[in-house]
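Take a look at the structure set out below.
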Ligand SMILES: [Zn+2]
Ligand SMILES: [Zn+2]
């Protein structure tokens, strides 16, 4: 805990107790909040977790007489928040775990800015439940337009979809205005009332020596309004996690494990800023017939000895239909024929279809087949492997 923490954090507000609260009142407030906000009770709720930390930190200091004295002194000297100490950056609101943004506060003409108007973008850091390790920026200070967060998600595509390109719906979770209270944070039927301390300005002024300081109103945490009955859906935050489905076009030719960037499909920007980018990590399923080598498709096609010897035409499937291939007479097993442009769409040009011909040897023969093949063998009595034979003879028998 640093002096800076002391100056920036309002531990009394975090616990919801007045500055002159006695040890018993502080303990009581802490117990109640710690119970409500305990991570076991709020699994996966990042806001509750952040508040739980704030509350614990506040209690650590305020329950210790010596440290509480130091804290009070630091606040008295440095003005308790705002920019009095010349500290850069935003300053996290104590209670509520809702980061609030100094730039917004001072810019909000007439105050009474809706709850969440300033903090929303910051909370977006916790974004999109599914994305693991998503970027977080809880208290980024900005008064101008701010770009939305980049977001990462995953998609599983079939082999064909990956090769040909596909439009897929992606379900994503992101914070949005609470539908129950329309973002006011107040229980339906009630409404937030103007903060009596700052008269809705969200800012209070204080003079210290020759200077006048403006600082965010502690009573309303700079929002200009106070909620008596919090909205049950969003617990007064004005923001809930919402599921949205966006449709994205995955370009043709993506590979398994590839991370593709979809500009402007990430989290929305703040104050007119551009949206962030969406990164989709694609998983591509195997195909029962085709393989892939970069942009080329591979396919193994069995042919008979007779087809290989005499030549034939075989029709093979492609991703978008079929193609007929001329197998020349005297084709060796394992020979690969290239069909141009029938592979996977690549950058600039499409890949090729590589057809590997494999002579299939019958496992079982009928008596008639055996007879024919025996007479064929007799007819073709030349050595098919003269070099091997020569090598064996040169080495002698051993
Ligand atoms: Zn609500
Ligand atoms: Zn106020």
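The backbone N, Cα and C atoms fix where each Cβ goes, and this holds for glycine too.
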110-131, 132-153, 154-175, 176-197 - the one TrEMBL records as region 'Disordered':
132-153
When you measure from each Cβ to the nearest atom of ligand 1, which of the binding-site residues 178, 195, 198, 217 fall under 6 angstroms?
178
Candidates near ligand 2 among the binding-site residues 178, 195, 198, 217, 220, 234, judged by a Cβ under 6 angstroms:
195, 198, 217, 220
When only pairs 6 or more apart in sequence are counted, do the repeat 'CXXCXGXG motif' (178-185) and the repeat 'CXXCXGXG motif' (231-238) reach 3 or more Cβ pairs under 8 Å?
yes
Could you pull the average pLDDT for the repeat 'CXXCXGXG motif' (178-185)?
83
To the nearest whole angstrom, state the Cα distance for the pair residue 181 (Zn(2+) 1 binding site) and residue 220 (Zn(2+) 2 binding site).
18
Around the Zn(2+) 1 site formed by 178, 181, 231, 234, which additional residues qualify by having Cβ within 8 Å of the site's Cβ center?
179, 180, 182, 183, 184, 185, 186, 230, 232, 233, 235, 236, 237, 238, 239, 240
